[in-house]
Amino acid sequence: MLGRIVFFLCLPSVLAAQLCKPNAAEGFKVRLSIKTALGDKAYEWNRNQRFLFQAAIAFAMSHHLDLEFNVSNILVCDETPRVSFWFVVTSPDDPSRLVGKESVELAVRASRGRINNILLLNDATLEFVGVLPTLAAPVKPATPSWLIVFGVVIGIVGAGIVFLLVSTVVQKKRKENEVAEEEDDDEEAQMKRTAGNEGIYNTSFSESDRNTQM
Amino acid sequence: MIYCITPPCLEVSVSLVLSGAFLIPYLIALVFEGLPLLYLELAIGQRLRMGSIGVWNNISPMLGGVGIASMVVSFLVSMFYNTIIAWVLWYFFNSFQNPLPWSQCPLNANQTGYSSECEKSTSVNYFWYRETLNITEDIEISGSLQWWMVICLATAWCVIYICFIKGIDSMGKAVYVTATFPYLVLTIFLIRALTLPGATDGLVYLFTPDWEILKKPQVWLDAATQIFFSLSVAFGGLIAFSSYNAERNDCERDALVVGITNSATSLYGSIPIFSILGFKARTNFNTCLEQNILTLTNHFDIAERNMTLENYDQWFDYLNVTHPGDIASLPLRVCDLQNFLDQSASGTGLAFIVFTEAVLEMPGSQVWAVLFFVMLFSLGLSSMFGNIEGVLTPLQELKLVPKWLPHEVLTAIVCLVSFLIGLIFTLGSGNYWVEVFNAYVGSVPLLIIAFCEIVGVAYIYGMKTFSEDIYFMTGRRPNIYWKACWMVISPVMLLVVFVAYVALQAGAYPTYPAWNPNYEDFPQTETKEYPKWVFGIIVALIVVPILSIPVVAIYNLIRCGIKKSSANVSGPNPYSNEAFEIETQERNKQSI
């Protein structure tokens, strides 16, 4: 009788030992890089932290498959000083049966962010070997920002060109008007002077062109 | 090096910087080729007070072609040079983002991973080759016009136009900014760079000369040809600029100051560049080691942080002894600091690949990126001033332009035409064409023009007349160093460089590095040969600028010959009093 009790008590752990082993078909290897992620605030990996990990995975499985998973359904083995280990998930209905690898992968991927946050790690420091992280698409603003800068620069340059051209044209016009006025004044002044002498000014000898053109 | 940090001349900095030994060919080229040419051009421009066409026509009608050659070379150079400025502008526009766009790889089509092209090479390479250039695999595949490049090129030409709109007045003011700003930025970079980890590695590398490099003739050729870009001689721009100087300006002092300042700036600029390259090499080396550490830690399940950068070697040796088989099977990278220091992209790659990568690692990357690209922009702009002046002044002197056309409109037309032709460089294969222009327009034609200039002034114009001119301008005659250079050393050196260049080029069929994602050794560039029609274009690029020299010489020979022969045949003519003929000729000259 005692033998049978011992046998049944040992069965789960024996079964567990058999179900969870390195390179298990339905298992995943997990690597944590706690010191890289947290530096001085790194926590010690111990039984309690492992319990938290198991709880997180149980949460992910329950959330994804809509079944009630318990912490005891998540089996962890082969821990190393690296802080890496293997884990397998047993079915809540039948502890001797493992949940398929694909389901576990999908569950983990779906709640990856949550699991990361629980353990204060990220995709790079909490590595599920074989499970690709879902990559966040780089943020793309509606107008590429370089167009905005370009718009500012070309606006300033364009305004500058227009301003300089217009000022050149205005200056030229002003000069032409001044010269024309000076010439007119000369002619008129001379005509007035000669008119005062009761004669008509004979313009044929007027020196409109001081220098003979070459 | 006023122009020497700009991308084509960045090569010089890198070569300088890859080995302090490059300093020797550079200094020799400067002393025996650069300074004499510089002084010569400044002096004749100031004395004869005309642009390059007028000056050479004045010295001898046979040399009239030299001015035209300078103009053609200036035009070709300004076209591709402004493309580089457009690239700088593009990077400048993109530096206002957080994070910088070249720091991340974009995702591939189905969002399962990063784009494969980007993963194999680096995100910086990807940004340059794919997002900036959208480069094709081959120079024959032209691709289409990249619209973002077109608007950057248009912006660059607009900025040039606004600086030239008022002619020398507006440009003179712009030069104050473009010439001083780079010094400011270089100093800021120097202070920042010297505080970066790994800067000392870079500086040590700079100051340990690698004498092997002097045995390569290509290095000497590069030094000789790059000096033209560096000092901007043989482009015709200098002659035009100095014609605006006062007649009694001391041009010897100007030449020495400009030449020596140029080289000093080269050296000064190479210190921060090299410190940053050293920093980048050190960072890459550390990353390489850390990757190895991660691989080993994961494989052997060693506790975190037991294997660090410091004790990596001991761990590695220990593991190699205990588990040699495993070590051999792991994908460990070979990390060699010297290797990383030796790496440098060539030409335009230095500014846009190496430097942008370094900037990513520096805290406050946006600020450094913006500063760096504004500095490159102002340097490039100051080079363009010389080039464009070398195109505009001869155009006016050649009287190809009707008098009623205002200066502003002429400048606009020149800018517009250059922009339209420069659209070639915005195609998918644009970068390959820039390399073609850079390698071939900037080498042989300049050598020949410089040779003709020196020989023309020293022998055809006459050393005596020239010495008298200089005495008139500066109050002292040129000393033995200048005379020796002008009469013997510089022409001989130019001839030797020319012959060596032709010999080297004729030896091997020209090839170019192509960026081909499908290449088996990607991300290394694939070396391809230029197709026959591109080779023809290369030959045309070399021949067409200098074609004008013999053509004009022969034309004038024939004309002189005809005049002489017709005068002899008619003999003394009782109806033609030559006194009046000579007078009218002189009046014609004066009225022009």
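Cβ coordinates are placed from backbone N, Cα and C, and glycine is handled just like the others.
In TrEMBL, annotation is done automatically, which means it is predicted and not curated.
Database features, via TrEMBL:
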- B:Ser230, B:Asn262, B:Leu379, B:Ser383: Na(+) binding site (BINDING)
- B:20-42: transmembrane segment (TRANSMEM)
- B:63-93: transmembrane segment (TRANSMEM)
- B:145-164: transmembrane segment (TRANSMEM)
- B:176-199: transmembrane segment (TRANSMEM)
- B:219-244: transmembrane segment (TRANSMEM)
- B:256-277: transmembrane segment (TRANSMEM)
- B:367-388: transmembrane segment (TRANSMEM)
- B:409-434: transmembrane segment (TRANSMEM)
- B:440-461: transmembrane segment (TRANSMEM)
- B:481-504: transmembrane segment (TRANSMEM)
- B:533-558: transmembrane segment (TRANSMEM)
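Everything TrEMBL records as a feature, shown here on the structure.
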residue	record	DSSP class
B:Ser230	Na(+) binding site	helix
B:Asn262	Na(+) binding site	helix
B:Leu379	Na(+) binding site	helix
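Looking at which of B:20-42, B:176-199, B:219-244, B:256-277, B:533-558 has the most CB pairs under 8 Å to the transmembrane segment (B:63-93), the answer is the stretch B:533-558.
Beyond the ends of the transmembrane segment (B:176-199), by six or more residues, the same chain brings 2, 5, 265, 268-269, 271-272, 275-276, 278-283, 362, 368, 371-372, 374-375, 378-379, 381-382, 385 to within a C-beta distance below 8 angstroms of the stretch.
When the binding-site residues B:Ser230, B:Asn262, B:Ser383 are compared by the number of other C-beta atoms lying within 10 angstroms of their own C-beta, B:Asn262 comes out lowest.
The Cβ neighbour count for B:Leu379 (Na(+) binding site), using a 10 Å radius and every protein chain shown, is 29. At the 8 Å Cβ threshold, with sequence separation of at least 6, the transmembrane segment (B:145-164) lacks contact with the transmembrane segment (B:481-504), having fewer than 3 such pairs. For the transmembrane segment (B:256-277), the partner stretch with the most Cβ pairs below 8 Å, chosen from B:20-42, B:440-461, B:481-504, is B:20-42.
The stretches the transmembrane segment (B:367-388) and the transmembrane segment (B:440-461) are not in mutual contact, being linked by fewer than three Cβ pairs under 8 Å (pairs 6 or more apart in sequence). Sequence-distant contacts of the transmembrane segment (B:440-461), counting only residues of its own chain at least 6 positions beyond either end whose CB sits under 8 Å from a CB of the stretch, comprise 8, 33, 36-37, 40-41, 44, 56, 59-60, 62-63, 66, 69-70, 73, 76-77, 80, 221, 224-225, 228-229, 233-235, 486-487, 490-491, 494-495, 497-498, 501-502, 538, 541-542, 545-546, 549.
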